[in-house]
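Features as listed in TrEMBL:
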type     : residues               : note
DOMAIN   : 2-234                  : domain 'Glutamine amidotransferase type-2'
ACT_SITE : Cys2                   : active site, nucleophile
BINDING  : Thr303, Asp365, Asp366 : Mg(2+) binding site
Amino acid sequence: MCGIVGIVGKYPVNQNIYDALTVLQHRGQDAAGMVTLNEGRMFMRKANGLVRDVFQTRHMHRLAGHVGIGHVRYPTAGCSSSAEAQPFYVNSPFGIALAHNGNLTNAATLKQELYKTDRRHINTSSDSEILLNVFAHELQKSTSLSPVAEDIFEAGRQVYKRCKGGYAAVALILGVGMVCFRDASGIRPLVIGKRETDKGTEYMTASESVALDALGFDLIRDVAPGELVFVDFEGNMHSKVCAENTRLTPCIFEQVYLARPDSMIDNVSVYKARLRMGEKLAEKIQREWADHDIDVVIPIPDTSTTSAMQLAHGLNLKMRHGFVKNRYIGRTFIMPGQQMRRKSVRKKLNAIELEFKDKNVLLVDDSIVRGTTSHQIVDMAREAGAKKVYFASAAPPVRYPNVYGIDMPTASELVAHDKTIEEVEKIIGADKLIYQDLDDLIEAVKEGNADIEQFDTSVFTGEYITGDVDQAYLDRLEQERNDEAKSSSGALEDVDMVMDIHNEGNV
Ligand SMILES: O=P(O)(O)OC[C@H]1O[C@H](OP(=O)(O)OP(=O)(O)O)[C@H](O)[C@@H]1O
Ligand SMILES: NC(=O)CC[C@H](N)C(=O)O
Ligand SMILES: [Mg+2]
C-alpha cells in the first residue's frame, strides 16, 4: 500500500501536497514524490526517503502551480530504486503524470502488449509505469486535442478492461485536468473531497480521508469501484463508473493494520472497526478460556492499541502501556528486508519492567505476519519479568501472499503459512496464542457499513477475488520478490547507480 494524493486548487498547491504526504507517510516510507503543473510545464521531484528528506526548500520553490499530485511508496513490484519512485511521467499524449497505490496482477502480459501492440517502451520494472502507459495509450485514441469528460471516460473503460488487480490511481493530464480511479472491486481505498475558497471550489483526492481532514477539505465520498472521477482545470467535477461488473470488495487488511484509525474507508470508521475487533476477541476469550488467569492487557504499539483497549474493557482487565515506542522509528512491517525489520523492533519498542514483573500478561497485536514483532516482543516480556506471556492477534492467521498492493509475496515468509496455531505459538514462544476468527473480523468491519457484502480477505483464505491468480502466478511472484531476490535487485544504494531519464534541473 502506497499513499496517493491529488489536488486541483486555486492557490499554490506544493505545501498542501507535502502536508498530505506526511499524513499518508504510514502507507509508504521508502520513497516520495510530487508533480505540479504550472504554465504548461510539469515540475517533478521524487527520490528515496521520507517526505521530510525528499523535499528540501529548494525543491518546494520549484514545485509551482495550483494543481499537483503526490505519492509515498512502499514497493510491491519492481525494486526499491529511486528510478521507480512515483509519480511516473510520460510525454504523450499531452503529458501525463500518474501515482498509483496497488498492484497489477497482469503486469507481465500488459508489458508485452504495450511493446508488441501499442509500441510503448517500459523502462523500469514497476507496474505503475505500465498502468500509466496503458492509460496514455487509451487516451491517445481520443482524436481530440482538447479531450472532454467522455473521452477520458472512454480511456478509463479501456483501462478497466485491460488492467487486473488492485489499483487506486491519480493522474494529471497537461492542459486537461486531474483524473482519479479505483479498480472494479475497490480493493484499494480512494476518497474525494472539496474545499471552498474565495476563488472557487478546490478538489482533492487521497488514499485516506485523514489527508482531507488535515488540509481542511470536506469528504464528498469514496470513489466507487470502477469509477473514474475527472476534475477539469476550470474546477468542474465529472464522474462515471467506467468498469463493467463492479462489486465493492475492499481489502480488509486496511482496517486491520494499513490505514490510520482516524480515517473513514467506504463509510467505515477504522477506529470503530478496530474497537469492535477488540470486543470480538474478548468475547472469544470469554467463550473459550473463561478461567483465564490474565493479570493485565498490554498492546504492542502503535496499531493494536485501539483493539487492545476494547479487549481489556471486555475482559474487565486493566490495559497498561508496557511497551514504549520510539516515535522516530517508522513502521517495521513495511521496511524493506527482514534484517532491517528484525533489528528495528528492539530499537522501536522498549519494555517498562514494572508492568511485566511477576504478572501474567496478554500481549495484543493487530496481526502477526512474519512473526518478526511477536517473537521478539514475547522475549522482551519475559526478560522484563513476566510470569506467563499470552498473545492475542486481532486478525486471523495470515497464511497466504497478498497480490493487490501489500508486500507479502512469499508464503514461506509468513509465520503461519502451513502451520497450526499451536506451531505458531511455539515459534513465537508464547504460553498461549489466540487469533481472531475470520467471521468475527468481517463482522467487526461490516458493522460499520452493512452494504459491503464482501471483503478481500485473501491473506487469510488464499481466495483471490479477481480470479486471475493461480499457483503459477504465486510461484513466479515468490521467485521474483522473496527477501533475497529483492535485496539483490533493489540494492541501488549508491545514488550514482540510478540514471534518471528525465528530471529537469535534477539536484
Ligand atoms: O508479524 P510481523 O511481520 O512483525 O508484522 C506484524 C506487525 O507489524 C506491524 O507493526 P509496525 O511496526 O509495522 O507498525 P505499527 O507501529 O503501526 O504497529 C503490525 O502492527 C504488527 O505489529
Ligand atoms: N504499495 C503500493 O501500492 C505499490 C505501488 C506499485 N506497485 C509500486 O511498487 O511502486
Ligand atoms: Mg505493530
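Please read every residue number as a count from 1 along the shown chain.
Backbone N, Cα and C define each Cβ position, glycine as well.
Location within the structure of each feature annotated in TrEMBL.
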| residue | record | CB count, 10 Å |
| --- | --- | --- |
| Cys2 | active site, nucleophile | 27 |
| Thr303 | Mg(2+) binding site | 23 |
| Asp365 | Mg(2+) binding site | 22 |
| Asp366 | Mg(2+) binding site | 27 |
Discussion item. Averaged over the domain 'Glutamine amidotransferase type-2' (2-234), what pLDDT does the predicted model reach?
Written reply: 96
Practice prompt. Go through the recorded positions Cys2, Thr303, Asp365, Asp366 and pull out the ones with a Cβ less than 6 angstroms from some atom of ligand 1.
Written response: Thr303, Asp365, Asp366
Practice prompt. List the Cα distance (Å, whole number) between Asp366 (Mg(2+) binding site) and the residue listed as 'active site, nucleophile'.
Written response: 20
Worksheet entry | C-alpha spacing of the residue listed as 'active site, nucleophile' relative to Thr303 (Mg(2+) binding site), in angstrom | 17
Worksheet item: In angstrom units, rounded to an integer, how far apart are the Cα atoms of Cys2 (active site, nucleophile) and Asp365 (Mg(2+) binding site)?
Response: 22
Worksheet item: Near ligand 2, which of the recorded positions Cys2, Thr303, Asp365, Asp366 are found, taking a Cβ distance under 6 A to any of its atoms?
Response: Cys2
Fill in: Additional residues around Mg(2+), ordered along the sequence, whose Cβ is within 8 Å of the centroid of Thr303, Asp365, Asp366
Val256, Tyr257, Pro299, Ile300, Asp302, Ser304, Ser307, Val364, Ser367, Ser393, Ala394, Ala395
